[in-house]
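Feature annotation from TrEMBL assigns domain 'Ig-like' to 112-195, 202-289, 291-368. Residues or ranges marked as signal peptide in TrEMBL: 1-20. Taken from TrEMBL, the feature transmembrane segment covers 385-404.
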């Protein structure tokens, strides 16, 4: 029990930690999480451009942390081939020399006669998923059993009986998350936790022109640009007047997956893309200004290390382009060109910026930064994760609550902090 609890704690920590690298993915072949003893498993670290410097690691149910090629597995390129025995059950992941890692997967090697075939990695919301009740007899896989009838359970309750020994969920949603198992005349499989993820990129909100401050009567185009297809995503906003609504209701003109807005003062507010299931993109604050001066700066968070140019823009054509730039209320620079460039932004550059010139002063704008790596976020709910862990290890409750609460608090702060 002690090793099982440590295993689950490690798995939850890997899934919810902020160290995952956006360029690496874990590949499992065949794509399932449960195996019979003596079957073969191939686990690979697939990294954009090059997989050099990444190692496949695991933490087994016996409490051992080690890398492929030490006393288990055969390294072949960037893959690890494992001839499975019971002690190979555990959590597997890819890790770089600097400690970044991929999503982790829990592999179960079963000594019984029945396993549940389900995807090893989190399932994408909206995709079709097939669960198969697989069995063997006398150490050989039996696919021609006279009775293929199998019962499928979710969170301990029977949900379906299938005469083909497989159950298909045409379009998985959050309500399908949970612990699954199957049983047939040969026995019962171990339980398997199905989690969901949404493959929308972090930059699924596009703002053109790319700035957050506008003069009244200028045009703004905001788009929901989601990898693969933007279908099912809606542009929403919460205005400074306290109104929540979607594009095309009483504001904006819908054009494909974009919304065109002819701005007036009441259009100031926070804009974001939202799916039917409640997932949403990074939010951006748009300010429509009635004065003579605005600060042009990127609408979305800036990537650490990038060059950023702030421009003091004004209506009309004043004879003097000179502008003062302020950060957190203090003058940082005076520029005769009306623009200020930060060659490589760092965390010390985060803060509230504004500018002023002979025509007036702009509103303040918060510059926030994001790291060049992003975290794969599982959309599984905290209550369901906790209930699943507590089936095996009740005393993980306090640890996991503190872990996830801290991470979510940080993520929400970054997402909805005034920009």
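The count begins at 1 with the first shown residue.
Heads up, the Cβ atoms here are built off N, Cα and C, so glycines get one too.
Keep in mind the model is a prediction, meaning the values are calculated, not measured.
Break the domain 'Ig-like' (112-195) down by DSSP state and the numbers are 3 helix, 44 strand, 37 coil. Broken down by DSSP into helix, strand and coil, the domain 'Ig-like' (291-368) contains 3 helix, 40 strand, 35 coil. For the domain 'Ig-like' (112-195), the model gives a mean pLDDT of 85.
Here the domain 'Ig-like' (202-289) is broken down by DSSP into helix, strand and coil counts: 3 helix, 45 strand, 40 coil.
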